[in-house]
Amino acid sequence: MNETWQLISAGTETSQLIAKNWLVAQAAVPIANPNISTTGIENLARQTGGTIGAYLPSLLGAIVTLFIGWIVAFIVSSVVRNLLKRTDLDNRLGRMATGTSSSNMNTEKLVGDIVFWLIFLFAVLAFLNALNLTVVAQPLNNVLNQILAFIPKLASAAALAAVAWLVATAVKAIVVRTAGTIVPAMSQRMAVGENQVLPSETLGNALYWFVFLFFLPLILDVLDLRGPLAPVQNLLNDILSALPNIFKAGLIALVGWFVARIVRELTTNLLAAAGTERLAAKIGLNRAAPGQSLSALLGTIVYVMILIPTAVAALDALQIPAISGPATSMLQRVLDTIPQILTAAVILAVAFVISQFVGDLVANLLNGLGFNGIFRALGLHTLHQSTLRDTPVTPVTGSEIVPPPTKQTPSEVAGLIARVGVMLIATVAATEVLGIPSLNDLVQGLLIIAGQVLAGVLVFGIGLFLANLAQRVVSSSGTHQAQVLGQVARLAIIAFVGAMALQQMGIAASIVNLAFGLMLGAIAVAVAISFGLGGRDVASEQLRDWLAGFRDKR
């Protein structure tokens, strides 16, 4: 630092000497005039001129020094700015500082301005020293001393940052190329996002910044930044202490995931080769959507069953109770529930196969017994006509015969009801295995309601058959008003069995009983009133005959 100030002082003295010699050479030689006397004003002027003449070389030297410093600062800043424009290092530093991929910060101009003002600050200091303004120059001198003392530290930190960048870049390149070479197909499958960010690229970026994190304490130590150094050092120590556990957990997860994928592919291919799809088609488990199959579904189930214990083991390897504790307990509960879920699924699958068999058996038996004519037997001719299947029609636009939407016959409906009944019973058993009381109660309630509704429909069907039979019997008697009496008998039976059916279904039994009793009472009162009003003349004549006979006997 003292050598720097000696150079600045030497330059200042040289500038002052040049300015002083030039002024002496240009000064006019005074002409002596003995006739003119020297006065006080002339002495004052002479003293002032001497003072100015003595100070003027220093002022001119300081101005020359300031001008030369400005020129040097301008030239050096321009050179630095042009050099930075030819490289991309400053743009990378700008992107790192802003945290964005495209930075609008003009780093060339910023660095050039810093260099310019730093050099110009030295010129200003030399200017002040040339004018002997030590009071003003002292604070500026202190600032420059601190800057010059900090420059070696800054250079060391920059060198460490450059080494960190070289090491991080090399590590990233090695990891990306190695991972892309070893598992290229896996990397392509695991690519995420629209830009297809590969896992190898993600791992390389993580290691890139991890290397910078290792060098960060060294850089902060060189810069004597003790405040930020302690938290970073503690963070790095925590990371280093947890790094073996993280590596162990990652290795367990990677191996488990790899094994799960292999087992899933083997399971899917073996089941497909064993004819699982044909079996699924036979029992009615057709594909829900293109690309989905029963073998792929079973393979995915096996895949998940392997991944769950793998995740539990990986979380245990982390040895972080705050994270691994709740997650492990949750996954353990899921793992404990899997046997129950599989048992319930097996029950439902077996019940589904049985329901298909029972439904087809019921439909075929009822069809053979003539159950499809049940609506005609019950007098519902409109419904009977609607259940008749139509023949396929030929569309106008083509020659292919396209059948219309088929209508289910009564026997097929009965078969469907049988399937639903079997599945409901199996669902009750499955919910009991799962240990979900609320769901079990709900399914049992649905099963009870379905049984009541089915019993009510059966009672009403039998009553409707008996009502039609009574109508035919009464109508065929040949008596007077036989048709009217037959219809009355049919309606009375239908009303009676309707009330019985509603009561069997459990639909407001008390209201149904009350309504049915009131209706019968109203009919009885109406019949009594009609017979009473219509037969009062006959009744009066009969009473007179009975009264006359009684009197004759007396």
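Here the Cβ of each residue, glycine as well, is placed from N, Cα and C on the backbone.
Residues or ranges marked as transmembrane segment in TrEMBL: 54-76 (among others).
The transmembrane segment annotation in TrEMBL covers 114-135 (among others).
Beyond the transmembrane segment (147-168), the same-chain residues lying 6 or more positions past its ends with a Cβ under 8 Å from any Cβ of the stretch are 1, 4, 118, 207-209, 211-212, 214-215, 218-219, 222-224. The transmembrane segment annotation in TrEMBL covers 147-168 (among others).
Counting same-chain residues at least six beyond the ends of the transmembrane segment (206-223), those with a Cβ under 8 angstroms from any Cβ of the stretch are 153-154, 156-157, 160-161, 163-165, 167-169, 171-172, 175, 229, 232-233, 236, 239. Here TrEMBL flags 206-223 (among others) as transmembrane segment.
According to TrEMBL, the feature transmembrane segment maps to 235-260 (among others).
Under the heading transmembrane segment, TrEMBL lists 294-318 (among others).
Summarising the annotation, TrEMBL assigns transmembrane segment to 338-358 (among others). Within the chain, the transmembrane segment (338-358) has long-range Cβ neighbours (under 8 A, six or more residues past its boundaries) at 283-285, 305, 308, 415, 418-420, 422-423, 425-427, 429-431, 433-435.
According to TrEMBL, the transmembrane segment annotation covers 413-434 (among others).
For 446-470 (among others), the entry in TrEMBL reads transmembrane segment.
Here TrEMBL flags 482-502 (among others) as transmembrane segment.
Annotation comment: TrEMBL describes 514-533 (among others) as transmembrane segment.
Most Cβ pairs under 8 Å to the transmembrane segment (413-434), among the stretches 235-260, 294-318, 446-470, belong to 446-470.
When Cβ-Cβ distances below 8 Å are used as the criterion, the transmembrane segment (446-470) is approached by residues 374, 377-379, 417, 420-421, 424-425, 428, 486, 489-491, 493-494, 496-498, 500-502, 504-506 of the same chain, each at least six residues removed from its ends.
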